[in-house]
């Protein structure tokens, strides 16, 4: 017995959304477990658009040194001197590793030599 107005893709008995139509077999409602023939989807239209990523090798291999420094940063870049190579720029990331009433831990990474250090703030 159909309780609800018959809309394509919805269970005529309980009104819940029906699962996707498979290649073979009938459709079983997730909610009331009633089984329906595939014509319960009659009148429904589906449209799909597929977007592919493009690969441009010139963007990957023809970067200047300055571009590669900023694009390989692990986070925001700050002016901080690296203790290992004395480079003046480092990226940083923060995490709350200790208890909530204590400060967070800041992880710095040198953009030139990739040296890592941490500081408890």
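One-based numbering along the chain as shown.
The backbone N, Cα and C atoms fix where each Cβ goes, and this holds for glycine too.
Among the features that TrEMBL reports, Zn(2+) 1 binding site is placed at 11, 14, 29, 32.
Counting residue by residue with DSSP, the zinc finger (11-32) contains 0 helix, 3 strand, 19 coil. Among the features that TrEMBL reports, zinc finger is placed at 11-32.
What TrEMBL lists as domain 'TFIIS-type' is 78-118.
Summarising the annotation, TrEMBL assigns Zn(2+) 2 binding site to 82, 85, 110, 113.
Straight-line distance linking the Cα atoms of residue 11 (Zn(2+) 1 binding site) and residue 110 (Zn(2+) 2 binding site), rounded to a whole number, equals 59 Å.
The closest partner of residue 82 (Zn(2+) 2 binding site) among the binding-site residues, by CA position, is 29; the full candidate set was 14, 29, 32. Predicted-model confidence for the domain 'TFIIS-type' (78-118) is 91, expressed as mean pLDDT.
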